[in-house]
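Annotated compositional bias 'Basic and acidic residues' per Swiss-Prot: 30-39, in sequence order. The N-acetylthreonine annotation in Swiss-Prot covers T2, and the record cites similarity to another entry as its basis. As annotated by Swiss-Prot, N6-acetyllysine applies to K20, K24, K39, K46, K101, K123, K174. Annotation source Swiss-Prot lists phosphotyrosine at Y23. Residues annotated as phosphoserine in Swiss-Prot, with similarity to another entry given as evidence: S144. As annotated by Swiss-Prot, region 'Disordered' applies to 1-39.
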Amino acid sequence: MTEKDAQPQLEEADDDLDSKLNYKPPPQKSLKELQEMDKDDESLTKYKKTLLGDVPVVADPTVPNVTVTRLSLVCDSAPGPITMDLTGDLEALKKDTFVLKEGIEYRVKINFKVNKDIVSGLKYVQHTYRTGMRVDKATFMVGSYGPRPEEYEFLTPVEEAPKGMLARGTYHNKSFFTDDDKQDHLTWEWNLAIKKDWTE
């Protein structure tokens, strides 16, 4: 079985999870519809102002609602930043390999922008493969966000890199940035090498 064949569809996994949780996402509404709703409710108006800010965001129809700009592996002991640019050539990322020293603690940081409408239930999903077999699946709930000019930043909880002779080697990751409506905001692939030392 090839690595491609071994990779399940994200939608199938999410459907299974949603049915177990009996979760039904709310219907999607545009930013304008949300702003028009409950105008007479002072507390809701205040909440929406807090979420959306004072300045209306210009909705450029050519820009996607959610733009994922970069992913970083945050580790205090790393000799330099470990960052991948997600606005350029995603195919090139498949040829690069990022390095983590075995056993170190690190966090995944994702930078993204919401450009037009409020997006509900953003999540980051990562499938990890080794020699074509899936060895891990992680799902991180990112949350709901309104549009604004500045980027948002999401940090996962602290994780520990695998360690030991058997854990060292190269892992292939398939990452998804999606939401409650199963909108695929970005899917990309990248490689991570677990080594005995940073400079090995």
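Glycine residues also receive a Cβ, built from the backbone N, Cα and C atoms like all the rest.
Keep in mind the model is a prediction, meaning the values are calculated, not measured.
Under the three-state DSSP scheme, K46 (N6-acetyllysine) falls in the helix class.
In sequence order, S77, A78, A161, I194, K195, K196, D197, W198 are the residues near K101 (N6-acetyllysine), counting only same-chain partners six or more apart with C-beta under 8 A. S144 (phosphoserine) has K123 nearby among the modified residues K46, K123, K174, counting only those with a Cα within 10 angstroms of its own Cα. Around the residue listed as 'phosphoserine', taking its Cβ as the centre, 14 other Cβ atoms fall within 10 Å, counting all chains. Listed modified residues: K46, K174; maximum Cβ neighbour count within 10 Å falls on K174.
Sequence-distant contacts (6 or more apart, same chain, Cβ under 8 Å) of K123 (N6-acetyllysine) comprise T139, F140, M141, V142, F177, T178, D179. In this structure the C-alpha atoms belonging to K174 (N6-acetyllysine) and K46 (N6-acetyllysine) are separated by 40 Å.
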